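A.B. asks: Have a look at this one.
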Amino acid sequence: MEQLLSLWQGSGLYNITGGQFVMIAVCLGLLYLAIVKGFEPLLLVPIGFGGLLANIPEAGLAMSAVEQALHFAKPEVLAGIANAVGSNTLDPYELSRIVHEAKPSAYQAAQLIAQDAGYSNGMLYSFYSVAIASGIAPLVIFMGVGAMTDFGPLLANPKTLFLGAAAQFGIFATVIGAVGLSAMGIMDFSIEQAAAIGIIGGADGPTSIYVASMLAPELLGAIAVASYSYMALVPLIQPPIMRALTTPEERKIEMVQLRTVSKTEKIVFPLVLLVLVALLLPDAAPLLGMFCFGNLMKESGVVERLSDTAQNALINITTIFLGLSVGSKLMAEKFLALETLGILGLGIVAFGIGTGAGVLMAKLLNKVSKHPVNPLIGSAGVSAVPMAARVSNKLGLEYNPHNFLLMHAMGPNVAGVIGSAVAAGVMIKYLGG
């Protein structure tokens, strides 16, 4: 009987908390949206499944060795950890706070004590350490995105670069908004957290994850879920904003056919882009460097095997581990907080402002440009490639069946990717470290 009782007390059903139950339901909801509704399935499936694994009671899959030791709270182990971080308390919750605020050397000492006591890093924690904490996974994905990108529409119509730049206004406006909410006592976000939240407005998942891992790793799960959710909802979020800011006549504007871009231009552009931006803003070099490298492999035509690997096998493998790693941050005690609602709310505001700023910039270009510019392509300045461009094209066809805006919208869409990488570099330069 004692053995049966011990088995029951060690089971997940006995130890499950209300928060874990809620998060399991949330993760099942993410899987439903991905599988049944088709919302960003490539990311939401591994994120949702990673969240399920992270919230299995007593498994500790998303915990480090020292976190597991603190969770099980054996007195002799707690005493060793407390000694390592220079504390006298044996209260697991207070000690946990002290450990996470300790210097890296003290934290490493506590980690070694936990490992000597028989605890080990959880599977998802190891994935996170390798894929995201190191910054590798978002950079590899950016390389793959670069290998799938065509700069032709941007080179054929360089002024669309302004549309991609304007769409980044949502990022900085949201940072100001988050700081304002904190100043009024409504939310409690640091400037670093506000910057990480603002990047959601760029509608660029890898960039959001990269910046969050650098500036606010404690908010990574909520930021990643918000970013990819809003990317999937582009066809629902953008059209009302586009209609509100344009007239029926503007939506019917037909643009002149784009010129043919030479192969030489396509090869030289990523090199010039990287050198110019990296010299001015070195902190943008990692993201933009991998993006330009991937594009150079594609356009050069001499490394087709490498380009194909970057576009397919490598980006797919990385996406799996990136998603599972993000899912590890969906633990109940970290995700179920008032700040999460703030992140979701500020994220959609950032996305909306970015969309609106792009449309307004396109309206301005239409006034001053020699050739007509349909304001609908301005919304594609957010870097949700190619969904935002498809939305511009679809809305244009609704008002003019002969108005094909897809290639015109790809210019600002690609410019948005560049803009979000530059914005990320600015945030990291002034707030990182």
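First residue shown is number 1, and so on along the chain.
The backbone N, Cα and C atoms fix where each Cβ goes, and this holds for glycine too.
As annotated in TrEMBL:
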TRANSMEM  12-35  transmembrane segment
TRANSMEM  42-66  transmembrane segment
TRANSMEM  125-149  transmembrane segment
TRANSMEM  161-187  transmembrane segment
TRANSMEM  267-293  transmembrane segment
TRANSMEM  313-331  transmembrane segment
TRANSMEM  343-365  transmembrane segment
TRANSMEM  409-431  transmembrane segment
A.B. asks: Using a cut-off of under 8 Å between C-beta atoms, tell me which stretch among 12-35, 42-66, 267-293, 313-331, 409-431 contacts the transmembrane segment (125-149) the most.
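C.D. replies: Selected stretch: 313-331, with the most Cβ pairs under 8 Å.
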A.B. asks: So if I exclude everything within five residues of the ends of the transmembrane segment (313-331), which remaining residues of that chain have a CB under 8 angstroms from its CBs? That is, six or more out.
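C.D. replies: Tertiary neighbours of the transmembrane segment (313-331) are 23, 26-27, 42-55, 61-62, 122, 124-125, 127-128, 130-132, 137-138, 140-141, 143-145, 206, 209, 217, 220-221, 224-225.
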A.B. asks: Let me spell it out: take the transmembrane segment (12-35), skip the flanking residues so only those 6+ beyond its ends count, and list any with a Cβ under 8 Å from a Cβ in it.
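C.D. replies: That would be 41, 44-45, 47-49, 51-52, 54-59, 225, 229, 232, 327, 330-333, 335-336.
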A.B. asks: Please report, as numbers and ranges, the same-chain residues at least 6 past the borders of the transmembrane segment (409-431) whose CB is under 8 Å from any CB of it.
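C.D. replies: Contacts of the transmembrane segment (409-431) (Cβ under 8 Å, skipping residues fewer than 6 from its ends): 142, 145, 149-151, 153-154, 156-157, 160-165, 167-168, 171-172, 175, 191-192, 195-196, 198-199, 202-204, 207, 210-211, 214-215, 273, 277, 281-285, 287-288, 291, 358, 362, 376-378, 380-386, 388-390, 392-393.
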A.B. asks: Grab the same-chain neighbours of the transmembrane segment (42-66) for me: Cβ-Cβ under 8 Å, and only residues 6 or more beyond its ends, written as numbers and ranges.
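C.D. replies: For the transmembrane segment (42-66), the list is 10-13, 15-17, 20, 23-24, 26-31, 33-35, 81, 99, 107, 110-111, 113-115, 119-125, 128, 205, 221, 224-225, 228-229, 232, 319-332.
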